[in-house]
Amino acid sequence: MSEHKVETHPPSDEFARNAHADHATYEKMYADSIADPDAFWGEHGKRVDWIKPFSKVKNTDFTYGQVDIKWFEDGTLNVASNCIDRHLKDRADQTAIIWVPDEDDGSDQHISYQQLHAHVCNFANVLKKMGVGRGDRVVIYLPMIPQAAYAMLACARIGAIHSVVFAGFSPDALSQRVNGSKAKVVITADGGPRGGKVTDLKGNTDRAMEKVEHDAKVLVVKRVGDGVRNWVEGRDHWLHEMEDGIGDTCEPEEMGAEDPLFILYTSGSTGQPKGVVHTTGGYLVYASMTHQYTFDYHDGDVYWCTADVGWVTGHSYIVYGPLANGATTVMFEGVPTYPDAGRCWKIVEDHKVAQFYTAPTGIRALMGKGNEFVEKHDLSSLKVLGTVGEPINPEAWNWYNRIVGRGKTPIVDTWWQTETGGHMLTPLPGATTTKPGSATKPFFGVKPVVLEPESGEVLEGGDVEGVLAIADSWPGQMRTVYGDHERFMNTYFQQYKGFYFTEDGCTRDADGDYWITGRVDDVINVSGHRMGTAEVESALVAHDAVSEAAVVGVPHEVKGQGIYCYVSLMAGHEPSEELKQELVGWVRNEIGPIAKPDFIQWAPGLPKTRSGKIMRRILRKVAANEHDQLGDTSTLAEPEVVDDLIENRLNK
Ligand code: ATP
Ligand code: MG
């Protein structure tokens, strides 16, 4: 760790007074949740409505070979009626979803809970008419339109299992996911507008269906209305035609707490994506509780998460968490830079957004465009800012805090995974003293441990570094890899017996705050000194000329591993040998001689997953001169950037 003084930002007294949890409340609730999980979750499990109440709370086993996770196992409920029907008594006319389309043309829609009920029942009846029932799988390949939420909730209502596939994915990635789950229906749209361009989703689906080996139907939402090029009679159906006269009542299915709710693939940053399975009861309890406490959500707030529903963040924090809490949730079809880099701030101003939740990649991109885009908007409605997806560099954290939050809006840096269902390490805005770059403290019920990577020994106390594992189950935990319980056990429970292994590295400081250092694979060992690549990246990004950086280890004869840096420059800065030397000296000064970069390659772009995470495994291969073995690149956003990096690699 670098020796720099870390800034601290305690919550203001005023915020703490009005928050769901101040510091003392957090401490008490956290201690209770660890001391007696059955009592704690038995109580908080009641935050959702059960058809048949549970009598058992926790029944979980992390033993390798027999891993089995059950929460609230004898209770029954329906997720859609928790997200809709139970709110109709008090808030039928309240807006459930504010939909903001790609074009900034004033056609934003407000969908009330009453309207949401009708849409979801309609949709559910269509699925039933197409032969979908309890336990059947449905693939959703839609842009960010309200029908994506209707489709998810319609599946939940009739007990079908959805598998959402991000609309930016290729026909190949789609066909793999349709085949993988033997889905009965694939839901798509005639087109997906994003950043002023339209993706031909129906065309992609047609191509994907050529590789689908079983009988599956296609349901098409009319979003664009320009017609479709190809139509397969008997297979393809328009949603609006199917909905005609179908009726907007549909009894919710009574589901067991452990019945699967959805399948969702991980981002594929470290390898082939894993088909994560989440179930009904524990997931909903955990998503709704984290949404309320992490964002300090209060009735009347307008809440906005910029993620796509194709990621777990969109599942837990656009749809299920907020709607279970009766919130108003914003769904945005477009991108932060269209029509210009002020789009997000305009939406915040237009809809008086109170909680804004985004990813570091977005923050860094907007930071590079200049402050004027932020400053021309009235952001006084903001109460909490959130970040998720990657470690956030202190530089980006400070910009978010000072420019977007005017120094007054708490930032919650939420560490979690597709696998965890909801937040695991996060500040609570009225309770936690934050530090730029730290995900701080565990959420209720979460028992993080730092393990010595080789021996697996639990490291106690402060100022320790190792791999992050979780010592006991929490309700939002994934239950299995779809169709492959072996892979589930081997990935998460084999290496460190008795623990859930996160595949991430971390440090815990003297205050007990956690700092994620990146993937375990991204920890490099230079002459026996272990170091997270995130630390070197943060040092680089702190230099005025650097907009983004990715750092990987490279085999080195003397040091074991050397440091290879890919650097993108801010607009107005040109690559030069002088600048390279300056950056080498800069990192040396910021961290120490051990962190001195061996290679700095100028990178016009970095390879990222569709969810905006840097794919360091590809950069490692390029740095090691093994670019003929790149592995699974199906979730890569812009494959072209890799060609440039290969051509200009330095370690030939
Ligand atoms: P795959 O598992 O297929 O390699 P992935 O890990 O990127 O892909 P996700 O579940 O989308 O799939 O991402 C979870 C990971 O994202 C975490 O394990 C962690 O590495 C990173 N991450 C998420 N939030 C944070 C955060 N706040 N700080 C640091 N890292 C984060
Ligand atoms: Mg992962």
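Glycine too: its Cβ is placed from the backbone N, Cα and C atoms.
The candidate list Arg402, Arg519 contains one residue that TrEMBL assigns to the ATP site with Gly389, Glu390, Pro391, Asp413, Thr414, Trp415, Trp416, Gln417, Thr418, Asp504, Arg530, namely Arg519. Counting other CB atoms no more than 10 Å from each candidate's CB, the binding-site residues Arg194, Lys197 peak at Arg194. Checking each of the binding-site residues (Arg194, Trp416, Arg588) against Lys613 (N6-acetyllysine), the C-alpha distance stays within 10 Å for none of them.
The binding-site residues near ligand 1, defined by a Cβ under 6 Å from one of its atoms, are Thr418, chosen from Lys197, Thr418, His543. Same-chain residues with CB within 8 A of the center of the Val541, His543, Val546 CB atoms, the Mg(2+) site residues themselves not counted, are Glu395, Ala539, Leu540, Ala542, Asp544, Ala545, Ser547, Ala549, Val567, Leu583. For the domain 'Acetyl-coenzyme A synthetase N-terminal' (26-83), the number of residues in each DSSP class (helix H, G, I; strand E, B; coil) is 26 helix, 11 strand, 21 coil. Comparing Val541 (Mg(2+) binding site) with Gly195 (CoA binding site), their Cα atoms are 27 Å apart once rounded.
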